[in-house]
Amino acid sequence: MSKPPDLLLRLLRGAPRQRVCTLFIIGFKFTFFVSIMIYWHVVGEPKEKGQLYNLPAEIPCPTLTPPTPPSHGPTPGNIFFLETSDRTNPNFLFMCSVESAARTHPESHVLVLMKGLPGGNASLPRHLGISLLSCFPNVQMLPLDLRELFRDTPLADWYAAVQGRWEPYLLPVLSDASRIALMWKFGGIYLDTDFIVLKNLRNLTNVLGTQSRYVLNGAFLAFERRHEFMALCMRDFVDHYNGWIWGHQGPQLLTRVFKKWCSIRSLAESRACRGVTTLPPEAFYPIPWQDWKKYFEDINPEELPRLLSATYAVHVWNKKSQGTRFEATSRALLAQLHARYCPTTHEAMKMYL
């Protein structure tokens, strides 16, 4: 039978008060560890899983209007979506995100990179979401090879090292790393899969969004290929890595780097410098995460254009809102956004929810 570590035995043999403190610390650490495991078991599993059962594997494609070639403006770049888990069954919000981007950017390639997709010439999984998104001629579903993505970047050694250890927020941290690597290597536009795109984003270059007066957010990024700002983000990711603090490698990283980039101490001091611009919250985060329930409240349809006149895309805060049910035909804000900006997904929701 193995013996307890000597240090632990010495601590337990100490004075009663010391023993109480020791046991309290051990109990706290154990409780903290278990809490994290339970949290990720609950949050990490999609709460809408029940909505995806008994759905058909395929859906008839709608009649789509051929895109009108752009007459002016910058050369269109790629639009990227990422799925860094092994899931290959997009939920309805995921479908709406990609569809809305495809409809507002008919001239661009919309690339959905999914870690769970097989490589080579393997066929795509049979699933309603895959079938629906494949209807759009400018959407491509591609396998995500993280090792290849991080190759020849400062993130390569970090990724190799993190493979051998457990961290509480590894999945979102992988997503944080992947998006800045994508922007560095390829440029274009990155969007989280809980956005609904309202307008064409082609005129936004070297831009990111402000979440609040104190922090930026990387759920939307638009950068030129090999921009130095993204290079600094990758270096900061490795140099100041802490996978145990939520957001440290994502929003907080972008905020840190932007402050260094502009030599400022507060975001209020500058919205743009050295060719990088931050847009105000209403551009991409018109409803703060604390008020996410507003997406499920009824709204007068006539008010929608006025409320979102300064908004390019709406972030729905899926981490908070996932699993919240709503009627697809209701006057809820989210239902109206689906109906207007991702009508094919909306029709599927009306049929199968």
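Cβ atoms here come from the backbone N, Cα and C positions, even for glycine.
What Swiss-Prot says about this protein:
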- ASN121: N-linked glycosylation site (CARBOHYD)
- ASN203: N-linked glycosylation site (CARBOHYD)
- 1-22: topological domain 'Cytoplasmic' (TOPO_DOM)
- 44-353: topological domain 'Lumenal' (TOPO_DOM)
- 23-43: transmembrane segment (TRANSMEM)
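Within the model, the topological domain 'Cytoplasmic' (1-22) carries an average pLDDT of 50.
Ranked by Cβ neighbours within 10 A across all protein chains shown, the glycosylation sites ASN121, ASN203 are led by ASN203. ASN203 (N-linked glycosylation site) is 35 Å away from ASN121 (N-linked glycosylation site) when you measure Cα to Cα.
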